[in-house]
């Protein structure tokens, strides 16, 4: 199952986000932007999450708790949320009808960008669950990691401008060490990726192209 998901994410990524690219080029939207109608239940859950945001309670636990509390609400209280949900849905509809072409395009872009972020997040989560190897950084990334860790130990806050300057001042011999380290890390990554594909029955690039 995850194999298919990763193939979708990696192999067909550009196809997944083609609609967003078209929106950004200025192509007029063929269909009106529609948002799902606000439901009474979702309105209640959102309210509960906002009220308990500072309680440091996991969102997953809050959602479960809110679902139970919603079932316990009497009909009169549920009707209050239902009425408010209808009002919000109507407000959204009127706002969308009054949008200018430029505003519609901007809203469409935001909608697709949000979908892309959610999709990428889902890919990352699925990869983590499956033990998908993390791609290593290059020589400069490894250098920044070391310098940042050292700054953290000394209670300092580094910035990328400082890291870039230090990297430029680094001796060729020291840069060569990071280049060698990056090559070693990539070799480990390649071995782990091969092992992961074998465990996941992931087809090789050559077999996939045949």
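Note that Cβ sites are derived from N, Cα and C of the backbone, with glycine treated the same way.
For the ranges 89-140, 141-192, the feature annotated in TrEMBL as region 'Disordered' maps to 89-140. Mapped onto DSSP helix, strand and coil, the domain 'HMG box' (133-197) counts 51 helix, 0 strand, 14 coil.
For the DNA-binding region (133-197), the predicted model reports an average pLDDT of 91.
The DSSP breakdown of the DNA-binding region (34-100) into helical (H, G, I), extended (E, B) and coil residues amounts to 52 helix, 0 strand, 15 coil.
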